[in-house]
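Student: Please read through the structure below; I'll follow up with questions.
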Amino acid sequence: MLDLFADEAPWQEPLAPGAVVLRRFAFRAAQSLLDDIGFVVSQSPFRQMVTPGGYTMSVAMTNCGALGWTTDRHGYCYAVRDPLTDKPWPALPLSFASVCRQAAIAAGYASFQPDACLINRYAPGAKLSLHQDKDEPDLRAPIVSVSLGVPAIFQFGGLRRSDPIQRILLEHGDIVVWGGESRLFYHGIQPLKAGFHPMTGEFRYNLTFRQAAEKE
């Protein structure tokens with residue numbers, strides 16, 4: 001299907017204090033990002049991780065950068081090596097670093113220096129339950145989250161799981177950045193509805209950039 005708004009300029013939508021949706025910000029870089037996802041996956045394949053509670057996650061994941069986020073029956077952590085291949089995670093592609101840096105600057109986080117990128121692949125029905133990103137040592141650094149492919153409903157709450165939830169449609173090329181007051185807000189993705197995107201087929205891809213190592 002043709003995108004009738006392909007030439008539309010990016011714009012911003014405030015989400016919460018310290019949080020913003022950058023609409024279509026990654027649209028023009030999408031093909032480069034998808035190509036580089038393919039390169040990363042050729043070295044560190046997608047896998048469905050198992051949580052400490054024994055639950056197999058519906059989202060397929062892999063990582064690139066100096067550190068990669070992993071989970072198993074023993075807990076959540078960042079690791080320098082891929083436990084599946086026992087090799088270092090692939091380096092952060094230049095296209096990833098460029099889009100992330102530009103988004104961080106646009107959102108007011110010019111000093112952000114990501115060293116970890118979690119790559120999520122959502123098939124129809126896959127979801128990410130409400131959670132906080134709190135495995136990082138420096139919670140002053142923001143999160144930069146890029147959406148590619150099939151649209152999804154992003155849930156964004158507050159500091160408590162019971163706080164009211166905003167539900168935001170994220171489309172191909174949208175980026176969400178959150179930090180500051182909203183850095184520890186609960187968030188998630190509702191089950192992905194069946195759909196099709198000419199660049200990704202039935203899938204949605206997400207790039208989540210974090211600063212996972214302590215900075216001097």
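The backbone N, Cα and C atoms fix where each Cβ goes, glycine too.
What you see is a predicted model, and the numbers here were worked out from it, not measured in a lab.
According to TrEMBL:
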type    : residues                                                   : note
BINDING : W69, Y76, C77, Y78, D135, R161                             : substrate binding site
BINDING : N120, R121, Y122, R204, Y205, N206, L207, T208, F209, R210 : 2-oxoglutarate binding site
BINDING : H131, D133, H187                                           : Fe cation binding site
DOMAIN  : 113-213                                                    : domain 'Fe2OG dioxygenase'
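Please situate the listed features within the shown structure.
Tutor: Secondary structure from DSSP puts R161 (substrate binding site) in coil.
Within 10 Å of the C-beta atom of F209 (2-oxoglutarate binding site) sit 29 other C-beta atoms, taking all shown protein chains into account.
Counted within 10 Å of its Cβ, the other Cβ atoms near H187 (Fe cation binding site) come to 24, all protein chains included.
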Student: Select the most exposed residue of C77, L207, where exposure means the fewest other Cβ atoms within 10 Å, treating these as the binding-site residues.
Tutor: C77
Student: Closest of the binding-site residues to D133 (Fe cation binding site), Cα to Cα, picking from N120, Y122, F209?
Tutor: F209
Student: In the same chain, outside H131, D133, H187, whose C-beta lies within 8 angstroms of the Cβ mean position for the Fe cation site?
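Tutor: Sorted by sequence, the hits are L128, L130, Q132, I143, F185, Y186, G188.
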Student: Cα-Cα separation of H187 (Fe cation binding site) and R161 (substrate binding site), in Å?
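Tutor: Each residue's Cα considered, H187 (Fe cation binding site) and R161 (substrate binding site) end up 9 Å apart.
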Student: Whole-number Å distance between the CA of Y76 (substrate binding site) and the CA of N120 (2-oxoglutarate binding site)?
Tutor: 16
Student: Taking DSSP three-state, what's F209 (2-oxoglutarate binding site) in: helix, strand or coil?
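Tutor: Strand, per DSSP.
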